[in-house]
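Report on the structure given below.
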Amino acid sequence: MTAMYKDDQGDWMTVCLKYLLFVFNVLFWVGGAAVMGVGIWTLIDKSDYLSLLASSTFAVSAYILILAGALVMVTGFLGCCAVIREQRSCLSTYFCCLLLIFLIELVAGVLAYVYYQRLSEELKQHLNETMTENYAQPGKEAITLAVDRLQQDFKCCGSNNSFDWLHSVYMTSAVSEGRVVPDSCCKTITTLCGRRDHPSNIYKTEGGCITKLEQFLADHLLIIGAVGIGVACLQLAGAMLTACFIYLLYKEEEEDFSAV
């Protein structure tokens, strides 16, 4: 009677774990879609700004999330199939995939956090130099477009303030046609409006574009880090459930073999 009770208890635990893992994999698949969506959103939303950064860490973190999200979706589907079929070999492969994706997303989260810590320093060191030396220069069209969009989107002018433009290569050349700031600094853009730098004509945002861009990137990095680490922890829980399920299946197979 005791043996029968243990068998019933084992069967009950196996069934519970099976359905729990199935529900987990459905949620896991949805989580993968969310992770991939965050990565794509990070790259598409104002992606022009990436050309203003000295480091590619921001973009790399987003690409890692996209890769991890795609792997999560595929693995979630395979996990559902493995749980339904109750095959230990498939479940073991699924377990290994969970651990691999866990490491990938953890790396994305850590990269985002590390870059977040030195974001302010990088922008202060490189943004002013990039804007003043590369704006409207031959072969630097992407940077020119990024700077114009940055100043219009965030209603700012210059890296720290509008006076930064007085030392730029473009403004000190004849090509500028007497402008003291780019036309994209103007509140209402018209041709040659950059000749007049009065506060009524151009943006005089406190802290300049550095402050605005830093806040924008910091918000994105926090989301990348939170999503990456959050889903990674969810996967670790899934890996533990899978290991328990594999163990129960192994014990059942052992008991069936002993009975024979």
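Heads up, the Cβ atoms here are built off N, Cα and C, so glycines get one too.
Here's what TrEMBL has on this protein:
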- Cys156-Cys186: disulfide bond (DISULFID)
- 20-44: transmembrane segment (TRANSMEM)
- 64-84: transmembrane segment (TRANSMEM)
- 91-116: transmembrane segment (TRANSMEM)
- 221-250: transmembrane segment (TRANSMEM)
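Contact counts against the transmembrane segment (91-116), taken as Cβ pairs under 8 Å, peak for 221-250 among the stretches 20-44, 64-84, 221-250.
Residues 18, 21-22, 24-26, 28-29, 31-40, 42-43, 90-91, 93-94, 97-98, 100-101, 104-105, 107-108, 111, 224, 227-228, 231, 235, 238, 242, 245 of the same chain lie 6+ residues outside the transmembrane segment (64-84) yet bring a C-beta within less than 8 angstroms of a C-beta in it.
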